[in-house]
Amino acid sequence: MPIAQFAVFGHPISHSLSPRIHQAFAQQFGIELEYRAVDAAPADFAEAVRRFFASGGRGANVTLPHKAAAFALADQRSAAATRAGSANVLTRLPDGELAAHNTDGAGMVRDITERHDLDLRGHTALLLGAGGAAHGVAWNLLDAGVETLTIVNRSPEAADVLADAIGDPARAHTRYWDDLAHIGSYDLIVNATSAGVLGVALQLPFSLIGARALCYDLSYGSAAGSFLAWAKAASARYAVDGLGMLVETAADAFELWHGRRPETEPVYQSLRQQAA
Ligand code: ATR
């Protein structure tokens, strides 16, 4: 039987940890697979995906900037992908159709509640950003039981679009970015902006950070550096990057493709040690 083919599509993609994570999961079960990183510019993405699946690809992860395009080109869409309007997993079904799924929000919540052992129920959450990444996690935070979700975005219109899509005004509402210094403090602050990836440091007031606050950046590595430095400077109780979320989202994709649930902790620990 030919070796099963998997891939991650992104732009840029050369530093992606996904090939290592999936190979480490596969080793836990003695599964042989090929998993490569495919750099596709936005104009080439749809064709690159088509070629990959036409030549026998079984499943693909999708990362920046292609998650909305992946959602758009799929034949079928899971509920999680539909509400986020984006997909980080594409799977070829036996009939040849492509199914889109989004594991980002579930991965983030599992990282927070299981790896970091923090209960989100009854907590106040501030979501910075209202783009694709924010859409990928907003509903999961509400599902996990946060008391309120305050969405703040540089352009207020995008925050309103997300809050309207959620449609739960008693719990999910917006505030203006310019008012960040005056909106009080939060138990959970999630950085879902792309500022760090773009090399820009957000100017955030320390007053946002509540007494036992968890500050969580959806990115990892240097992209998360300035947000986590801000959180530590403000004495946040926890300052966490998205490395654990990445491993958890990969585990969900792996289970979807292979029907087996991998152990995430040893893979996370090994990546964490190498990043130190
Ligand atoms: P992603 O898929 O990473 O979410 P995106 O959909 O382009 O990428 O969204 C980027 C998000 O980061 C947006 O919320 C954007 O705010 P705007 O809607 O105002 O553009 C936010 N963002 C990017 N750079 C930012 C900066 N320097 N300060 C504040 N927000 C920023």
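Placement of Cβ uses the backbone N, Cα and C atoms for every residue, glycine included.
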Same-site residue for NADP(+) (record: TrEMBL; known: Gly129, Ala130, Gly131, Gly132, Ala133, Gly242; options: Leu98, Leu214, Leu218, Leu271): Leu218
Annotated companion of Ser16, Leu17, Ser18, Asn88, Asp104, Tyr220 at the shikimate site, TrEMBL, chosen from Thr63, Thr124, Thr193: Thr63
Tally of DSSP helical, extended and coil residues in the domain 'SDH C-terminal' (242-272): 24 helix, 0 strand, 7 coil
Spatial neighbours of Asp104 (shikimate binding site), counting only the recorded positions Lys67, Ala130, Gly131, Ala133 and Cα distances within 10 Å: Ala133
Proximal residue to Leu17 (shikimate binding site) among recorded positions Lys67, Ala130, Gly132 (C-alpha distance): Lys67
Tertiary neighbours of Ala130 (NADP(+) binding site) (same chain, Cβ under 8 Å, six or more apart): Ile151, Asn153, Ser155, Ala158, Ala159, Val161, Leu162, Ala192
